[in-house]
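**Student:** Pasting the feature list from TrEMBL:
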type	residues	note
BINDING	G11, S12, G13, K14, T15, T16	ATP binding site
Amino acid sequence: MLKIGITGGIGSGKTTVCKVFETLGIPVFYADTVAKEIMITDSVLVAGIKDTFGEESYFGDGSLNNKHIAAIVFNNVDELAKLNALVHPAVFRAFETWEKDIPSTVPYTLKEAALLFESGSYKMCDQNILVTSPMAVKLARVMQRDNVSEAQVLARMDKQFSDEQKMAMANYFIENTEQKSVIEQVLNLHQQFLNR
Ligand code: ATP
């Protein structure tokens, strides 16, 4: 089955775009949401995280000690790479399991991931879509959605490839600005994927 990756910078609106694809009956695998879930439920991953970052990575009730992990990886690329090396393969396993339950009548699936290109998981998709929005729009959206400062959003953006880097790697583009109809662009791409 055709696998389409979809990504975009923080606040670009990739989740919003995915919801439009869902209304057309296209199943979407939300890799970032799944990653958060399996950090608690995947026993192999949990064991790997405890081995690497200590037993204190989890509270007694099994929930993740986010602050502990964040304090280790936030400004340390080597530690972040260790975390990614544990989480990314686990997400990939979860994706394969998820895909097995998709009926064969479904024409294609979408895999939504903030770090699709950075993590290398775009290589496991047949085609990739990049959702773009102007910087000022992205900043305003995330500041409002997450109630955070501009500096906090910029710090998060700093961890991602620039739109220019991602544009060079994507096959399709959706411009998510107020002016340009997202629904129209999604319908257009949907038709292209059906015709493949
Ligand atoms: P993140 O990487 O942070 O998860 P994202 O790329 O998935 O972000 P969304 O969560 O889809 O982005 O959108 C960010 C915010 O902007 C949300 O509050 C969403 O409702 C809003 N938004 C997205 N697209 C539009 C649009 N075209 N018009 C108005 N608001 C929008």
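Cβ coordinates come from backbone N, Cα and C, glycine included.
Note that TrEMBL annotation is computational and uncurated.
Tell me what's around each of these sites.
**Tutor:** Annotation note: S12 (ATP binding site) sits in a coil segment as assigned by DSSP. Proximity of S12 (ATP binding site) to non-local residues of its own chain (separation of 6 or more, Cβ distance below 8 Å) is seen for V131, T132, S133, K138, N176, given in sequence order.
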**Student:** What residues, ordered by sequence, lie under 8 A Cβ-to-Cβ from G11 (ATP binding site) and sit at least six positions away in the same chain?
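**Tutor:** Correct list: S133, V137, K138, L139, R141, V142, R145, V153.
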